[in-house]
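Worksheet: the structure to be examined is printed underneath.
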Amino acid sequence: MLKLRFSVQFFSVIRLAFTMTEKPKVVFVLGGPGAGKGTQCANIVKQFGFVHLSAGDLLREEQKSPGSEYGQLIENHIKSATIVPVEITCKLIENAMTKSTSNKFLIDGFPRNQNNLDGWNKEMADKVELLYVLFFDCPEDVCVRRCLKRGAEGSGRADDNEESLKKRISVYNTETMPIIKFFEAKNLVKRFNAEKSADEIFEEVKTLFT
């Protein structure tokens with residue numbers, strides 16, 4: 001009986017140690033500005049228990065954080081629709097994951113270009129398990145219309161205006177689409193028609209997570 005009790009305790013400790021060292025599971029979420037990434041991430045969080053990490057939100061939070069060493073740099077990049085140095089973005093993502101009690105993460109709006117991907121592979125790829133990439137594919141005119149509406153309704157985002165949107169879409173087409181194609185070649189991309197309503201899209205998304 002003593003040996004049996006010891007064995008049960010021993011294997012319980014082993015299972016606990018394995019659980020504690022299990023790599024975080026990551027899903028990248030990509031799509032143009034206004035494609036509905038945030039809305040779908042919120043639905044996935046609510047129904048499937050993932051934690052939503054928006055690269056853009058993390059950068060904006062850091063920008064507004066009093067005394068942040070990166071704040072002004074981030075603000076300059078956001079206003080000019082250019083990419084924040086990948087080392088900063090990776091660090092903010094890793095910090096958020098470390099603070100979380102969850103082991104499942106949606107990383108929204110990242111990696112956005114080859115530099116992002118290279119930085120992620122260098123800093124984070126060995127620390128996580130990448131499950132797949134959700135790609136919300138949406139026509140440009142729909143993206144622009146949604147973002148302008150969002151800005152008019154008080155989104156508070158400095159880049160929800162026509163001038164910034166032109167730059168953001170140009171950056172997306174030239175820099176992010178090649179990343180999506182890279183993951184497609186690895187059979188990791190799950191593509192959704194983001195022109196549909198949010199409810200219709202989520203019905204399709206749910207089949208992937210269940």
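Every residue gets a Cβ built from N, Cα and C, even glycine.
Positions annotated as ATP binding site by TrEMBL: GLY34, ALA35, GLY36, LYS37, GLY38, THR39, ARG150, LYS196. The ribonucleoside 5'-phosphate binding site annotation in TrEMBL covers ARG60, THR82, ILE83, VAL84, GLY109, PHE110, PRO111, ARG112, ARG157, ARG168. Under the heading CMP binding site, TrEMBL lists ASN116. The annotation region 'NMPbind' is assigned in TrEMBL to 54-84.
Features per TrEMBL, on structure.
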residue	record	Cβ within 10 Å
GLY34	ATP binding site	24
ALA35	ATP binding site	25
GLY36	ATP binding site	23
GLY38	ATP binding site	17
THR39	ATP binding site	15
ILE83	ribonucleoside 5'-phosphate binding site	16
GLY109	ribonucleoside 5'-phosphate binding site	23
PRO111	ribonucleoside 5'-phosphate binding site	28
ARG150	ATP binding site	16
LYS196	ATP binding site	15
Integer Cα-Cα distance in angstrom, GLY36 (ATP binding site) to ARG157 (ribonucleoside 5'-phosphate binding site): 15
GLY109 (ribonucleoside 5'-phosphate binding site) and LYS196 (ATP binding site), distance between Cα atoms, whole Å: 20
LYS37 (ATP binding site) to ARG60 (ribonucleoside 5'-phosphate binding site) - Cα separation in whole Å: 17
Proximal residue to THR39 (ATP binding site) among binding-site residues ARG60, ILE83, GLY109, PRO111, ASN116 (C-alpha distance): GLY109
Chain-internal residues near ARG60 (ribonucleoside 5'-phosphate binding site), provided their CB is under 8 angstroms and they sit 6+ positions away: ILE74, ILE78, ARG157
Whole-number Å value of the largest CA-CA distance among GLY34, ALA35, GLY36, LYS37, GLY38, THR39, ARG150, LYS196, listed as ATP-binding: 17
Rounded inter-Cα distance in Å - ARG150 (ATP binding site), GLY109 (ribonucleoside 5'-phosphate binding site): 18
For the binding-site residues LYS37, ARG157, the one whose C-beta sees the most other C-beta atoms within 10 angstroms: LYS37
Cα-Cα distance linking ASN116 (CMP binding site) and ILE83 (ribonucleoside 5'-phosphate binding site), given in Å to the nearest integer: 9
Taken over the region 'NMPbind' (54-84), the model's mean pLDDT: 85
Tertiary neighbours of the residue listed as 'CMP binding site' (same chain, Cβ under 8 Å, six or more apart): ILE83, VAL86, THR89, PHE110, ILE179
Whole-number Å value of the largest CA-CA distance among ARG60, THR82, ILE83, VAL84, GLY109, PHE110, PRO111, ARG112, ARG157, ARG168, listed as ribonucleoside 5'-phosphate-binding: 20
